[in-house]
Amino acid sequence: MKEVAPAANLVIPKLIVGLGNPEPKYDQTRHNIGFTGIDTIANIWQVSLSENRKFKGEFGEGRRPKAEKIYLLKPLTYMNRSGEAISAVVNWYKLPPSCVLIIYDDMDLPMGRLRLRLSGSAGGHNGMKSAIAHLGTQEFPRLRIGIGKPKNITAERGEAKTISHVLGKFSPKENKLMTQVLELVVDAVELSLKQGIEKAMSLYNNRTITENPVSKPPS
């Protein structure tokens, strides 16, 4: 039985972007979970990423899950200038913004949660502010990965604690949880490529990964 081709009106990503900061000190931090997401996807899809000066980032291309070409990008411009790299790729390949899927961290989502949307505001995220400014629209899909909020936050130390939380690294226990979350990210992206963002939204926006997952029943 042949697989049914996606309908023409479905939103299918062509460029998948992960947001983060390029210096080694930011590796594996909560704010760089977008970079980690792209690295995970590239590893599973066997796509080689290399620095591309024209695109101001690490860039790779492959064919997944069918014969269609897919582009992966990690902007190396620092977070608040991410849009420069994104627009460079979009302009070069003449891609509409609706084909750009951006993966990034979200404090308003608890750890263990994903949230796919077709469009929306930056929500205070500097990388997304830059992306929206350079693409000239909010009408492009995004995948937010929950990193949770810092505990015991106070009005006096709120901003400092927030920055420390965002730029801090996951604990060993949190890393185990995020490994499972990243597997979910790959699944959601692959479904988006096959059946569109809307289908992935319906299946993954209500999924929660817990620290002590219940064993799946036999299929």
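Yeah, the Cβs are placed from backbone N, Cα and C, and that goes for glycine too.
Worth saying up front: this structure is predicted, and the values here are computed from it rather than measured.
Summarising the annotation, Swiss-Prot assigns active site, proton acceptor to H31. Annotation comment: Swiss-Prot describes Y26, Y78, N80, N126 as tRNA binding site. Residues annotated as site 'Discriminates between blocked and unblocked aminoacyl-tRNA' in Swiss-Prot: N21. The annotation site 'Stabilizes the basic form of H active site to accept a proton' is assigned in Swiss-Prot to D105.
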Cβ contacts within 10 Å for N80 (tRNA binding site), all chains included, total 12
Out of the recorded positions N21, N126, the residue with the smallest number of other Cβ atoms within 10 Å is N126
What DSSP gives for D105 (site 'Stabilizes the basic form of H active site to accept a proton'), in three states, is strand
Y78 (tRNA binding site) -> DSSP, reduced to three states, gives coil
Same-chain shell around tRNA excluding Y26, Y78, N80, N126, C-beta within 8 angstroms of the CB centroid, reads G20, N21, H31, T77, M79, R81, S82, G127
Y26, Y78, N80, N126 bind tRNA per the record; greatest CA separation between any two, in Å, is 16
Cβ proximity for Y26 (tRNA binding site), under 8 A, sequence spacing 6+, ordered by residue number, returns G20, N32, L167
Nearest to N80 (tRNA binding site) by C-alpha distance, among the recorded positions N21, H31, D105, is N21
A 10 Å Cα radius around H31 (active site, proton acceptor) captures, of the recorded positions Y78, D105, N126, exactly D105
If you measure between the CA atoms of D105 (site 'Stabilizes the basic form of H active site to accept a proton') and N21 (site 'Discriminates between blocked and unblocked aminoacyl-tRNA') and round to the nearest Å, you get 12
